Amino acid sequence: KFNRGSKVGEAYDLGKRDNELFAKFYKGQGFVPEDEWNNFYETLKTTLPVTFRITGYKSQSEELLKNIKGKFFSNLLDVKVDGEALPPPKQLPWYPNELGWQLDLSRKVVRSSEQCSKLHDFLVAETECGSISRQEAVSMIPPLVLDVQSHHKVLDMCAAPGSKTAQLIEYLHSTASAGELPTGYVIANDTDNKRCYLMVHQVKRLQSPCCVIVNHDGTFFPKIRTNSDESNPEYQLFDRILCDVPCSGDGTMRKNFDVWNKWHPLQGANLHGLQCKILRRGCQLLAVGGRIVYSTCSLNPEEDEAVIAEMLRTSEGAMELVDVKDMLPGLKFTKGVSTWKVMTRAGEWIESAAEIPAPMQTQFKHTIFPPKPEEVETFHLDRCMRILPHHQDTGGFFVAVLQKVKHLPGSKEAKSEATATQTSEDQNQAEESKKESTENQNEIATEEQQANSETNNVREKRKGPASGEEPRPPKKPKKLHGYKEDPFLFMEETDPAWKPIQSFFGLTESCAVNQILFRSMQGKRSLYFVSKAVRELTRFNEDRIRFINMGVKAFSRSPSPLVPECDFRITQECLGTLLNNITKRKVYISKQDAIIVISQENPFIGKLSEESQAQLHAMTPGSCVFLFTPSENPPQVTLKHEPFHFWNQNTLQSSFPSIHKSKLHNKKVEAERKAKQLAQEAQGDVDKELKEDNDSMPVDDNDEVKESQQMEDENGEQIDFVESDKVDGADEVESTV
């Protein structure tokens, strides 16, 4: 248990990081070599390092990497804490394009080092912007080996909290053609409704119109309809499925210290059945030729190889393990095992299902035991991957990649194929029998006539009522019990709100009105944009699927008497998606103008260059988009134009999210105040009485913000100022103001 210190300043007692049953269990499995055991066990007791990855599909990823390496990592090389140098940042060797990094920084180091604190604040701000994702290193592996392409229909069966889902969305967009949306989509599912809303925040950072969040039990995830014909329904099978199932989590001991005390040998056996059900449902929803990745943050073979072996056994050759080690060069792992041991809660070994004691028959499923020798040769469990913590300073993890080569036995598709084959054989036999006996022909003809008459009777019963009779009432849609989400309603061409928006912003025809949705008939405060594939998915499954969230916010109601022609403004979130569809209300600005609009809150138009002022004066008041093309940058810079949304009036009112602006600004204001005070004390120019009053008063962050905003320019005109959300750009912004 975690015990809080009884004295002031006393640290929390994290408990003893040791578990005798855990050590006995994993020593007995044998996949950790004896000469590595001490290193393995001691590594589990250490704190997990910080890892993050840079979002690869965004245009600024290369520049962001250069910025981090040049302005932050280089400054950490000379930092010492308690007389010891900090370990240098490490690139994850198996993550592509140098976009994955590892930092061994504790909270104590971050608090005590100014350079580390700056890096921490920068990473937090960029994470909120969607440019960086904080994620455990081994958690990045499943989406990598899933090999997602832009046209794939992807399902994440157990998605919360959403870090892997964000990675899947990133890969979906990274393989799409420049300026085009992916034709595929990502469905992120979780059985916990509250965790679904936690996932909304994680996914929203990437601003993708190709993601849908749903709330279903993974073991009974419904089929996705692709048409509305009730008599002949068609369903969508997925090209890629991620199956990161619930597990005991003993691979997370380095960050979840309570696992040390809670772990016992029956945890794997208790979860084995649920894991098998989720994986089997995933394989049922997978298209032939598709790929499914099964992963856990557990090292227990009962949750890992035993689940894979049971799926391979029941699939009868329909599923095959894929060797993906070539996709992860530089990753150290151990191969999957084909033999393992099962332990009771008391620590006693059970070698086979026949040895299960009678009182424990319900505790252990027979499928948790190793496969038979003849099965080992066909299963190829050595193609699984187990990541051990001491190999590359990570958490423990298990990954297996399965490919579907044919339909599962017992499925409708397999039955239809078998029926077609059987029908062909019956026809051949009937032709041979006709040649042998005319009597049999007569008998067969008679039987066929009887069968046809019965079939016709059945068809007549299935047909609707004859003319003149009352029609049958339509079938009521299924009710999703406990589902209370607002509906997802798509706009129509005749909607009175659409034409003003289309005309005001000059939207092209490719921005289809039927891809714009809203959540309430009253007011339509916000409009969201989804891809065509997501629109079709929603249209045919609104009564079958528990939709939680989808799309990217495109337009927000902002009525103004100055803009009678359109009540909506465009949002910053959708500019990455809809920018090419906007033909009007674009303003091209210079580097100096860009610094002004991101460093000042509501700056006067007169602050901008004459070229920018001319464009704004020629435009009616209302929402507009600023485009900055960094042509003045060095030739090695690869950034394209960066859009900002503003409201054109006498002052420019920004609507893009100011991530941690006030927080970072308050820190800077307080630091400047303290620095000024120390300088005055050193010079002996401090009014002691005033100092005592200031020291006795609590600091009010809001007052500091208000005070900092009351600045005057050269002409004595009051302007509003707010610090940039980029920590490393503070000096540049400050000099500009």
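Positions of Cβ are set from backbone N, Cα and C atoms, glycine also.
What you see is a predicted model, and the numbers here were worked out from it, not measured in a lab.
Feature annotation from TrEMBL assigns domain 'SAM-dependent MTase RsmB/NOP-type' to 40-405. A mean pLDDT of 93 is what the model gives for the domain 'SAM-dependent MTase RsmB/NOP-type' (40-405).
Around K164 (S-adenosyl-L-methionine binding site), the same-chain residues at least 6 positions away in sequence with a Cβ under 8 Å from its Cβ are S139, P142, P143, D156, L242, D244. The feature S-adenosyl-L-methionine binding site is assigned by TrEMBL to C158, A159, A160, P161, G162, S163, K164, D190, D217, D244.
Feature annotation from TrEMBL assigns active site, nucleophile to C297. If you draw a 10 Å sphere around the CB of C297 (active site, nucleophile), it holds 24 other CB atoms from the protein chains shown.
The compositional bias 'Acidic residues' annotation in TrEMBL covers 698-722.
Between the C-alpha atoms of G162 (S-adenosyl-L-methionine binding site) and C297 (active site, nucleophile), the distance comes to 15 Å. In sequence order, D190, D192, R195, C196, L198, M199 are the residues of the chain that are 6 or more apart from A160 (S-adenosyl-L-methionine binding site) and have a CB within less than 8 Å of its CB. Put simply, C158 (S-adenosyl-L-methionine binding site) is 13 Å from C297 (active site, nucleophile) when counted between their Cα atoms. The maximal spread of the S-adenosyl-L-methionine binding site, taken as the longest Cα to Cα distance among C158, A159, A160, P161, G162, S163, K164, D190, D217, D244, is 20 Å. For C158 (S-adenosyl-L-methionine binding site), the count of additional Cβ atoms within 10 Å of its Cβ stands at 21 [all protein chains shown].
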